[in-house]
């Protein structure tokens, strides 16, 4: 889930040759990170705490001291990006809500079941079309500000799957096998099928052929009383790791699980969800993508460890969910944009009828112990479903067009509005995370844009004071965000560096340095606002859960004349409310626009 600051251009090029020329991730200078860390703490911790941290940092930075040693160790490491990858795999909370983002695609109206099948067939053909560019290494290389970007994540999202462990997970990628997978998995009424999508000569099936195969799957999975084996993948990772080891003791189960893991991607043919009013439709679609609605609905119609799962509801609710370890948002969004375009032009052509094999149904032997694990996963899933508070909305008053007309970065403008919305509700500034792409570097993943700055704090505190002149403060806040963004995408932000130093300390030292035991560090890492801009050509929006119990997840896609927002919170926290923050955000955006329009340009 990442932010790309200016438009990304694509130029055709060979993947591997281009990858070799990318620089490796830099390790920023220690003194620079310590200074920037103090600056970032200023608006979010009290002065006394800040003073204490300043003293700890002075000690940490002394020549020949602890910081120096850790810095040298870090500089000798090959790849800091591995820390990022492992942080996902070490994370033990369920991937559902806590880690895997969902994407809501534009609403479609299916008049009948055939409509659902036709849509699914076109979508599958579109993904296979995108896959051919990956396989032939003809995927256009992306450039940002004249610099080429790492394309590695595109090669990780198909034919890959997360495998649970009792202490740490791993990811397998079968795309690199001598004989890469040629099948996808389709799940309907909790029943999994292997669908071969290539002919024996290596050509992909046509839309028409895929449609016929989907019909066969549908007709042989009409019973809706099957055990939802897929719901096991939604449990706490340690619990699922144990249940997994138990599940695959049985040879049939092991082969069925392996077929799902090896598949290119998964298609979930969902049962219709309870009807929602038009203004609630997007929100309901968002929760269906994130968790499936609970064990009574579609939560068992998933394999949440699969990197890519496309969800096609009988009622026209469509989207996807992806497992976050292998990739961030932009490669997923590029794939979506390609598939949506492909589906517009792809018509179902009658193809000569070569008889196709019946798709294979995957069998599972459910022992009493596995049944117990399924019941536990159902209960836990339903608790998570009840706890998620979600609001997906369209801000229709303006889009990227207005901030651009003011010569302001649209992303920075939206982030400052978020700061204002939060401040108006809570009367304080909070630690805020926005993901920044490190794809200028080889295997680069993300770093943190800390949106709460000294300048944003000055602006939000002044905004509702009639006596203050606020336009200059808004301008400074937007520019500060823009500057931090530029710093982050060039590998010079602080969070990845501090995490690297901390992990190096865990490896090298008997005791953790005091700066990592400090209250300020705990406060700085407690992101009450976890945010991401995921721009797409398609009128879609990504959504994800908060990263702390008393926090919010905010994702947005700024289109030219409107902005799609998804805001999440937890019902178990009395202080947070997704609808309230979404409304405050709308008010903040409108008030900032009014402020700029009421002030003659010369005053800027």
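Cβ coordinates come from backbone N, Cα and C, glycine included.
TrEMBL annotations: computationally assigned, not manually curated.
As annotated by TrEMBL, domain 'Choline/carnitine acyltransferase' applies to 25-586. The average pLDDT computed over the domain 'Choline/carnitine acyltransferase' (25-586) stands at 91.
Annotation source TrEMBL lists active site, proton acceptor at 324.
Taking the Cβ of residue 405 (CoA binding site) as centre and 10 Å as the limit, one finds 10 other Cβ atoms among all the protein chains shown. Among the features that TrEMBL reports, CoA binding site is placed at 400, 404, 405, 406, 407, 408, 409, 410, 411, 437, 482, 533.
The (R)-carnitine binding site feature in TrEMBL is assigned to 433, 435, 446. With a 10 A radius on its CB, residue 446 ((R)-carnitine binding site) counts 25 other CB atoms from all the protein chains.
Recorded residues residue 324 (active site, proton acceptor) and residue 433 ((R)-carnitine binding site) have their alpha carbons 17 Å apart, per Cα-Cα distance.
Of all the binding-site residues given, namely 407, 482, the one with the smallest number of surrounding CB atoms inside 10 A is 407.
Spatially, by CA atoms, the binding-site residues 400, 405, 407, 409, 482 include one closest to residue 433 ((R)-carnitine binding site), and that is 482.
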